[in-house]
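Asker: Per Swiss-Prot, the features are:
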- Lys33: N6-(pyridoxal phosphate)lysine (MOD_RES)
- Lys33: active site, proton acceptor (ACT_SITE)
- Arg116, Met289: substrate binding site (BINDING)
- Tyr243: active site, proton acceptor (ACT_SITE)
Amino acid sequence: MATIIINKENFYHNLNQIALKTGSVEKIAIVLKDNAYGHGLQLMASLSAEFGIRHAVVRSMEEAKNIKELFRTVLVLGDHAVKDDICSFALNCLNDIENAELGARVELKVDTGMHRNGIAPEELERALQMIQKKDLELVGVMTHFRSADEMGSELFWQQKQFASVKERVKEAGFMNVRFHSHNSAATLRSKTFDEDLVRVGIGAYGYNELPDVFDDIPLKPVLSLSAKKIATRRLKKGERVGYGGDFTAPEEMTVSTYDLGYGDGWCRGDSAHPYITAEGLPILGRVSMDFIILESAKEELVIMNDAQKAARQFGTISYEMTTALSINIERKIVDR
């Protein structure tokens, strides 16, 4: 099967760049949801803890169970709130408060403009009263920015809305809560930082999705994807390759199959516009479930070493390229 290589040096470089923005490693919450954006949940959690990260964010309690002993706090974004000494749970609506287990540690999400998850600002006082009545421990209040990675003033508009939320929470008597709103994009573009945490995902893994005008933070991709040779054959001019015979050899050539396909989470794409690998080789014909064909006889080839560049070829985003990669692919750490 294919292999994913995790570059420890690049990961720590990115975390250092983010710490320079926040002023402290203590303020970084590493986002590890969805198998750490495809990089490997337990592997990236261990590297993060080794670096000194004390806070993590995951999608489910199942993910949290695998890594929570490594961190001081773990925020669970999408699961039922239960009582736990380390985990806190996002409250995305008033019903979440009603359904939370007595005494659970919770973090209230407020919708400041994304209109995806979170209570409406006008529901804030009611939500706080419900939290008190249910005897829940409110440890945080948060929001999420819908367009921090785009030009325009929407980020600042949402920040203004959240500033009002913070004041109202304090006025209601909740003084010992942590406030957080910054994702990777907001963190990288902000000149000042005055919150308790940043929730850093894609930035930690080496990708700055901001417009070029903000591209002054040197991040380095952490993940590379390689495939091993299965078989080699010599094609004659005119012979066709793979399902549908979409590729026709223009001359006599040597081709090999490599152990990567859409069954591993690799994008099938369009054989009329073939993907060009990190080594400059186009995939020949259609991507199969378990194989791709390339003009090479090398034992191993690097297919992708920059998910952002790869994503542009497929008309998608770096997030999708990495999170789609199968959990069954072996992941290895290299120091550099």
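Residue 1 is the first one shown; counting continues down the chain.
Cβ coordinates come from backbone N, Cα and C, glycine included.
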Asker: For the recorded positions listed here (Lys33, Arg116), which one has the lowest count of neighbouring CB atoms within 10 Å of its own CB?
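Answerer: Fewest other Cβ atoms within 10 Å, among the recorded positions Lys33, Arg116, is found for Arg116.
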Asker: Can you count the other CB atoms that lie within 10 A of the CB of Tyr243 (active site, proton acceptor)?
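Answerer: Tyr243 (active site, proton acceptor) is surrounded by 11 other Cβ atoms within 10 Å.
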Asker: Measuring Cα to Cα, how far is the residue listed as 'N6-(pyridoxal phosphate)lysine' from Arg116 (substrate binding site) in Å?
Answerer: 18
Asker: Fill in the CA-CA distance, Arg116 (substrate binding site) to Tyr243 (active site, proton acceptor), as an integer in Å.
Answerer: 41
Asker: Determine the Cβ neighbour count for Met289 (substrate binding site): the number of other Cβ atoms within 10 Å of its Cβ.
Answerer: 11
Asker: Under DSSP, is Arg116 (substrate binding site) part of a helix or a strand, or is it coil?
Answerer: coil
Asker: Would you identify the secondary structure of Lys33 (N6-(pyridoxal phosphate)lysine) according to DSSP, in three states?
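Answerer: Once the DSSP labels are grouped into three classes, Lys33 (N6-(pyridoxal phosphate)lysine) ends up as helix.
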Asker: How many Å lie between the Cα of Tyr243 (active site, proton acceptor) and the Cα of Met289 (substrate binding site)?
Answerer: 11
